[in-house]
Every structure is written in C-alpha cells, then in structure tokens.
Amino acid sequence: MMNESIDSLMNEKRRFAPTEEFARNALVDESHYAEAADDRLEFWAKRARELHWHEDFTEVLDWQPPHAKWFQDGKINVAYNCLDRHVEAGNGDRVAFYWEGEPGDKRTITYADMTAEVKRLANVLLSMGVKKGDRVAIYLPMIPEAVASMLACARIGATHTTVFGGFSPQNLRMRIDDADAKVVITCDGFNRKGKVFALKPTVDTALEKPGHNVENVLVVRRGENEIDWNDDLDVWYHDAMADAEPEHVAEGMEAEHPLFILYTSGTTGNPKGILHTSGGYLTQAAYTHKAVFDIHPETDVFWCTADIGWVTGHSYVVYGPMANGTTQVMNEGTFDTPTPHRPWQMIERYGVTVFYTAPTAIRSFMKIGREYPQGSDLSSIRVLGTVGEPINPEAWMWYREVIGAGTAPIVDTWWQTETGAIMISPLPGITELTPGSAERALPGIDIEILNEKGEPVPEGQGGLLTISSPWPAMLRTIWGDDKRYQETYWDKFGDKYFAGDGARIDPEGDIWLLGRVDDVMNVSGHRLSTAEIESSLVGHESTAEAAVVGAADEATGQAVVAFVILKERFAESFSVEEGEALLRKHVASDIGAIARPRQVFIVPDLPKTRSGKIMRRLLRDLAEGREIGDTTTLADASVVKAIQEQMR
Ligand code: PRX
C-alpha cells in the first residue's frame, strides 16, 4: 500500500461499527482491555488457566531480556489440550474437521476420531525411537494426517518443523539438517490443480546425499502415484498405524518445552528457525483465536485457509482452534479447481461462520468475479478475517459487501511467525472498523512506534513498529543461533522487540501498517528474502551479480523483480529472453515456485553508491515504473539509463 493512499484514508476515515446484536452476543467486551491494563501478567495468567495444566504454575513471567520464560514451573501437554480434554468433557462427537480433497472426496473427523488417530501416531513415533526433545520434519499437504502429525509430536514432546510442500529438495534438506530431524513425515503425492503432485520424490532427493540423521520416512498414502521405496528408511503410515497400540497417556511437559521450529526468511540468505515453546504459545494462540474471531465452539464453523507449512496454519488451523474445541473446514488443493465455485460451495455446505484468508486471495476472488460467491448461500458468515499483508480498502469493501453481506465485521490481523499469535487486530464486538487499519494492540500486548533513536514518533508520523513488553507466544530464540536472535530483534532497541515493519498511529489511536522496512519481501502474504533469491541467482553458473527487490503488484501485494549481470562468456550464449526465462526457472527449482521472480532483467550494470552498496531504492523505482529518486549518491549515473534501455 502506498503512503499517499494511507494519507487520504487517514483523513477521510470511514468507520463501521458492529451491529447491536453482534456486540450483545460477543464473547469479549472492553473489560479485557481494562483488565490487561490493570495487571498484564495476571491477565495472561488467567488466560493460561483456561487451559488444562498437568501441574499449575506459580510464576507467570521470568524476563531476562531478550529471553522470556512464561509459566515456567507449570506442566502442560499441548495435544491433551487440543484433543483428550474435549473428549473427556463429553464433546468427542463434535466435528473437528470437515475435510475435502480436491477431487471432491470428503471426510468428517470428530474430536474422538482425531484423538484416537493421534494416540496411535504418537505410539508409531515412539516405536521409531523418537524421544522427547527429538525433532521431526513434516512435509505434508493439507490432509488431516498433517494435523495429526503435528499433534502426535506435541503429545510426546518431539519438536516438529513443518516444511511447506512447495519448497525444493534443497530447502527441505536445509531445514532437516538445521533442525537435525530424526524422522520425516510425508506422503506419496497429493491433488493440486486437477493433477497428482508427487511429494515423496522431493524427500528422496533431499535425503540422497549422506550426512543427515533421518532414520525413518513415514509415508501417508494419498496421491496413489508410483514412488520409489527405500526399505531401510521408508514406512507406510497405514501399515505402522495398523500395528500401533491404540492407547497413549499424555504427560505434562515443562511450559517452556520446545513445541515447534518454523523456518522463515530473514534479511540474509539463510532462513531462520523460529522456536516456539508450549504453555505461553498455546495460551495466546487459544485466547486470540477466541477473542479475535468471537468463537463460540458449540455453534461456530471456522475456516482458516492457510497451509500448515506457514505459521497461520500452526496457530489458527491446529493449535488455537483445536485448543478451543472448534469445528473447522479444511481443503486439499486450490480454490479454482474444479471450478471457482469451490470455496463458496464449501461455505454453504458446512455453514461456515468465520472465514480467515489472505488479501491476495481476496484480490483473486475479486478478479474472477462476484458471480461465483453469489452462486452460493453465504448467509452463515458472521466474521471475516485477513492476515499476511496490508489489505487495500477496495479489497476490504469487496470482502465485506460480497462475502460478508455488508455486515460481517472484518478483523485485519497483524502478526508474524515470530510473534506466534495475533498482536494487533480489531475485536469484532467492540471495534469500529476502519478499512486499511489493523486498529489497535490486543489486550495484554504493548506496541510502540519509535524513530531510529528509540523515541516514540508523534501521531500520524511513520516509524518502526516495536513490541515493548514480552508476550506469551513470542519466539524464544532462533534455533541454534541465539546470537542472530539478539542481533535481529533486540540490538536495535534493547528490551523492545523490533518487528521489521513500519507503522503509523493516527490521532484516534488506530495503527496503520506500512510494510517491511528491511530487505524482506511479502509476496502473496509469504515472506521472502531478497538475499536468499540473490544468492540463488548467483548460484547459477551464468550469473555474475544479482540484485532483487520487491515491487508493488496488484495481485500479489509485492512481486519479486531481479536485475542480473551475466558473466561475459555467457552473454553471447543465449538471447536476453532465454536468459531471463532460464533464471526464473532456476530460482523456482532452487527455492520453490513461490520465489520465482515475476521478472528478471538482464542488465549491463547495477546502480551502486561510491562505497559499492547496491541502491535498491532506485531499482524499486525502476521496477515499479516510477520517476527515479535522488541519484546524487550514485557512483556512475549512466548506469540507470543503461538499465532503463534494457527494460524497454
Ligand atoms: O510485514 C508484516 C506482514 O507479514 C509479516 C510477517 O510475515 P510472516 O512471518 O510470514 O507471517 C505472516 C502471517 C502472520 C509482517 O512483518 N503482515 C502480516 N499481517 C499483516 C501484515 N502486514 C499488514 N497487515 C497485516 N494484517
């Protein structure tokens, strides 16, 4: 979103209040803000005690900046909270998931079913020698076994690391190595865009080279495609499950026991393994899910469209909703297969009441046309949510009018892989909504917008978004690299967490997110690092130098645009078009399709300062077709002209 448009939006604010009926029935009212302001730690302790603790805690927070321990002397089992607890309360027959495969096959899984599945799977993992503290990599599509795998790990205290199914073998291997995974859980293949997409071969390639410590690959049968089989490693999920003991008793784990590692892009080439632990994470995931989406578990049907390979799939498909005993919808494959009617027919079929998706998806629904949603009965919807990037007001209005019947509150939720759970968001029964603003910090969360010197910026001015007190679901460190944890998030402002986003606060206290201030791009709500793609490009034999920027893109928010200088001996060996196509393909196979540049420009030179630093700002201007900014610090001003020629 451009700053200019934010200016005009801030000036002519349109506000949308909740209907009286919604406000009356909402779970959370203003008292939560007051309660949290009065005693923040007591507020969180109360939220924590809404969960089941095997042993209660006596200490809420131990804060030795930048390291926090929440509820540390308590014992909790995350899977027990998401499963057994509901069955024991008499809700075993409640549907946990209405699941639909892309070809149209359907499964209904109750809390009792999922509990039984996870108990068996916990026993399978134990029989493979997975112990508390070991790591398990999960490389699965959106099938119920993915949820079961995460919960089975949590149940026995194994730390999972899920890897998005679109990532390449190299990326999968990097994560397996960094986490030192003992077991990988995958499937033969799955359905996507009307075809079977093979997954197991990626694991085979990833594990080809020795040097890893993977002892077993557990393979779910889904795509029924032919796969290679390695008797030393591979085990069919259904065989192992048939042989497994059905009973498993969940033990309490230390509140700070590592629950999962999730890799995300940073400003350097190497993804960071964000570590989340158990008690604090589950407390905030469960509370925010309930409060932000106004979840009444007896009646609501929640559909978060995120993949479990991303943090949103962790916190708002698995842990938050399941801790709250929520009925959910889950789907394999894409929204336009077999037809773009699919999501709306599913909302009608299951009576979805709360729908949570990304602005990029909303923009693609807009593009395809309102006749598709209008072909289904969406009257069950009462709350809409968005996440991952700023939502442009046009998309906001469309979402509200076409999907939300002009009345459903939209919760624009700001958070990060690192924060573990939602931090800034409206509360749907209270907040007067302003399209384009994520409104205010949730109860118990302290946000400050600072300048470079660490001083609060005046109202209306842009600054750096920081979180000024520790929060329960915060990351605890970067796996295996505490120094990088300190440097990335804390060195700038001491005991205040630096989020990497720019933000403004207006006179009414509404927060407006302004996008990343570092070299991290946001493509379709997914985080990509310029450095990671640059290092992939220079890894290609023909590339001498590369610079990557995120350029504004109508469909995807930002798009990857690369500028590449070829090595001299390659400059003649293919045409410019061939070279550009080759490099786009190279990045897609090296990192994954999501990183494929929208454009690669082969250029004679890159704009640099006299000290040799690439001026990305200029490249961004060029990529977005803007007047280029100040060039006085350029070492050689003719470079820009030469690039412009090439881009014509
Ligand atoms: O720039 C912010 C943007 O997404 C980044 C976090 O990305 P990731 O860790 O992949 O997590 C995405 C899902 C939680 C943030 O630093 N972002 C996320 N939500 C919003 C947002 N930007 C504006 N508005 C949002 N609601």
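Cβ from N, Cα, C; glycine included.
Curation does not apply to TrEMBL; its annotations are automatic.
As recorded in TrEMBL:
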DOMAIN    31-82  domain 'Acetyl-coenzyme A synthetase N-terminal'
DOMAIN    89-471  domain 'AMP-dependent synthetase/ligase'
DOMAIN    532-613  domain 'AMP-binding enzyme C-terminal'
Key: Counts of helix, strand and coil residues, the domain 'Acetyl-coenzyme A synthetase N-terminal' (31-82), according to DSSP   = 22 helix, 11 strand, 19 coil
Request  = Tell me the residue counts in helix, strand and coil for the domain 'AMP-binding enzyme C-terminal' (532-613), as DSSP assigns them.
outcome  = 29 helix, 28 strand, 25 coil
Query = What mean pLDDT score does the domain 'Acetyl-coenzyme A synthetase N-terminal' (31-82) have in the model?
reply = 98
